[in-house]
Each structure stands twice: as structure tokens, then as C-alpha cells.
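Asks: Before I ask anything, let me first share the structure, which is written out below as C-alpha cells.
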Amino acid sequence: MHNSAPINRRKSTRIYVGKVPIGDGAPIAVQSMTNTRTTDVDATVNQIQALERVGVDIVRVSVPTMEAAEAFRLIKQRVNVPLVADIHFDYRIALKVAEYGVDCLRINPGNIGNEARIRSVVDCARDKNIPIRIGVNAGSLERDLQEKYGEPTPQALLESAMRHVDILDRLNFDQFKVSVKASDVFLAVESYRLLASRIDQPLHLGITEAGGARSGSVKSAIGLGLLLSEGIGDTLRISLAADPVEEVKVGFDILKSLRIRARGINFIACPTCSRQEFDVIGTVNALEQRLEDIVTPMDISIIGCVVNGPGEALVSTIGVTGGHNKSGFYEDGVRQRERFDNENMIDQLEAKIRAKAAMLDESKRITVNLIEN
Ligand code: SF4
């Protein structure tokens, strides 16, 4: 395992979305959002369960109508992961999903309407221990702020967020988190930096409307990478015009890359060249798919030849270094006598990785038992 200096995280207050802690040093929670019709209960439940299988911590579901609120009640009964209801204006929907056990309300208090409506939602959230997410988005900035600043700027996004924050402050409600998203990386990053210096509550990170799977992942990795490496951010959602399952995988990949949160396998693979002794790309692609169910943190290096193979293998949980017909196999940085047939690389590696994951899980279980007893 490579050593790296730990990131000093910004100090923040703690909220809970269901049982998932956010802020105050809690693991950075990875979120996604369903893109099925919420009224299609089976499709939405299936998508949430697919997200759970890849490790999502929290799922947001849009609830635009009372009909969707009724569907939300049924969905909530069938899934385990905490659910955030995305509500834009209608305070009655917020009250309804609160009754149905929602774990967090994504609603901007300034958009709810008159004081009585705001109070009814905030009082309900307080009574039921439901946190609120304030979500400011450069694409839907208030008209007066557009006119004041001429365009969405970091200061404009901050001012918008603080309007909602001030409402909750005035009502003495502090169980909230805030996002200030933009599709422009620099605008989002600077907005979050400003916000981080103004409030103590947890921050929900995202580059909104980031794009398709590839371009959106790159933008998100740059924007969130900058912020996370500065210690800013307590939960995140990668917004992709793609299957939401990809959002979760990319979110974990960003956290793994920064060594902030480990989950599953961190693959290290060379780009390949004419020196490769086995099919590196085919092996990595196959193993990424086959080993999606592994949650044990492991570094696995798959390198095509001895130029870089031994060096990477030394700092990996399991490493393979391409050789003629047979390839070198390393475990915990130690070269093993056993070698892999290049022809049968994928099956052999899968078996080794699964065995190693089971062993690591077992030793962790024994350690936890010893500590608890
Ligand atoms: S490790 Fe070997 S096979 Fe892989 S890119 Fe480098 S030289 Fe080529």
C-alpha cells in the first residue's frame, strides 16, 4: 500500500440521514439518484437495489407530485438504504413524505412560500429528526441574483445558499447540509470554497449536469478531487447522464484515488505496449466486472511485463507481472513460487483475489471480536 499524507478535513457539524452519519469526520457518503418514474414503484425499487449492490450509502428519489409521494411510501417499505426526497416547491409533499418515513428532505426553505408553510416543514423535520438539504444550482439561480451578478458567479451561489441557511438559522434548525452545484468546474469549486468558510454544516458535493459517463466522470473527478484534497466535502453525488450505478462506482473511484475511503478493489494496470506478455486490457476489464461484489479494500496490480510489474507488485495486495508463457505472482509484496499460465490468467487471478478477500475479511472479523470482548 502506498503511503500518503492524510487529508485534513474541514471541521463540520454532524447530521444523520437515516443511520448514515454525515460530517464531523464521518466517512464521506456516496449518493446517487434514481432516474425511473417514481410512480413506477417496481422499477424504482429495482434501481435502488442495484445501487445498494454497488455500495451506495444514500439514494435520492424525486417526488414531484402527491401521486409520487404515495409511490414513495411503497418504495420506502421495500428498501433498506436511506432515502432523500427531492422536492422543489410543494410543502405539502414534504409533509407527506415525512409521514412516510423519509430520511432527508431536499428542499430549499426560500422556495416553500410563506412563513407558515416554511415553519410547518421545519417544525415537522425537527419533530421527526429529518435533516434538510439545501441545494443551490447555478442553472436555477434566483432572477434577482442573476440580475445583480450578471451571471452565476461563486458569490451569487453563495448568496443564494445563505438566504436559505439564514431562514433555517432564524428558525433555530441546524440539521442541514448544503450544496452549491454548477456544471462549470471552476464555478462549483470556488462556490464550495466560499461556502466552506461561511457555515459549519456538512457540504454535499457535486458537479451538476456534468455530462455523459466519460466526460462527466472526468469533470467530477477534477472538481471533487480539488475540493476533497482541500478537506472540503462530507458527502457526494456524481451526476452523470448514464446509469446511476455508474455514479456510485465513479464516486467510490474518486474517494479511492484520494485514499479517503476504501471500498473494493483498486486496480492498478499498465496501458500495455508491445512488451506485454498477456492480455492486460482483457484481464482488467473482465476482472472489474467479475469482482464487482468484492467490498474488501485491496490494491491489485496487473502489469504486462517486468519493466514496471515488480515495482507495482511490491506495494499491492496481489500483483501479477507478465512473463513468457507464465507470469509472476506476488502476494502482499512478496514474490510467490507459484506462477500463472498466461492463457488462463483471468480465472487464476479471480480465484486468488477472492481467496485473499475472504482471508482479509476473516482476520478483520477476528480482530473486531477480540476488541469487543
Ligand atoms: S509495463 Fe511493460 S507491457 Fe506494460 S506498458 Fe510498461 S513496458 Fe509495456
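Cβ from N, Cα, C; glycine included.
Pulled from TrEMBL, these are the listed features:
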{"type": "DOMAIN", "residues": "13-251", "note": "domain 'IspG TIM-barrel'"}
{"type": "DOMAIN", "residues": "266-354", "note": "domain 'IspG C-terminal'"}
{"type": "BINDING", "residues": "Cys270, Cys273, Cys305, Glu312", "note": "[4Fe-4S] cluster binding site"}
Asks: Around the [4Fe-4S] cluster site (Cys270, Cys273, Cys305, Glu312), what further same-chain residues have their C-beta within 8 angstroms of the site's C-beta centre?
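Replies: So the additional residues around the site are Pro271, Thr272, Arg275, Gln276, Val280, Ile303, Gly304, Val307, Asn308, Gly309, Gly322.
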Asks: Taking the Cβ of Glu312 ([4Fe-4S] cluster binding site) as reference, which residues of that chain separated by at least 6 in sequence fall under 8 Å from it?
Replies: Ile268, Ser301, Ile303, Gly319, Thr321
Asks: Roughly where does the domain 'IspG C-terminal' (266-354) sit in mean pLDDT, to the nearest integer?
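Replies: Summarising the domain 'IspG C-terminal' (266-354) by its mean pLDDT gives 95.
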Asks: Helix, strand or coil for Glu312 ([4Fe-4S] cluster binding site)? Use DSSP.
Replies: helix
Asks: Determine the Cβ neighbour count for Cys305 ([4Fe-4S] cluster binding site): the number of other Cβ atoms within 10 Å of its Cβ.
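Replies: Excluding its own Cβ, Cys305 ([4Fe-4S] cluster binding site) sees 20 Cβ atoms within 10 Å.
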